[in-house]
Amino acid sequence: MSDKPDLAEVSNFDKTKLKKTETQEKNPLPTKETIEQEKQATA
């Protein structure tokens, strides 16, 4: 095992074998106001 990547594998990579996926929106982080409201609601 060598630490160097095998460039032959990379150059032979077939992009057509990849599946097309639907991009999902990432969850945005809550704002400070939202966090404070949740803290007060649970307190």
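One is the number of the first residue shown, and numbering goes on along the chain from there.
In case you wondered, yes, glycine gets a Cβ from its N, Cα and C as well.
As given in Swiss-Prot:
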COMPBIAS  1-25  compositional bias 'Basic and acidic residues'
REGION    1-43  region 'Disordered'
MOD_RES   S2  N-acetylserine
COMPBIAS  33-43  compositional bias 'Basic and acidic residues'
The compositional bias 'Basic and acidic residues' (33-43): DSSP-derived helix, strand, coil residue counts: 10 helix, 0 strand, 1 coil
Residue counts (helix, strand, coil, in that order) that DSSP gives for the compositional bias 'Basic and acidic residues' (1-25): 8 helix, 0 strand, 17 coil
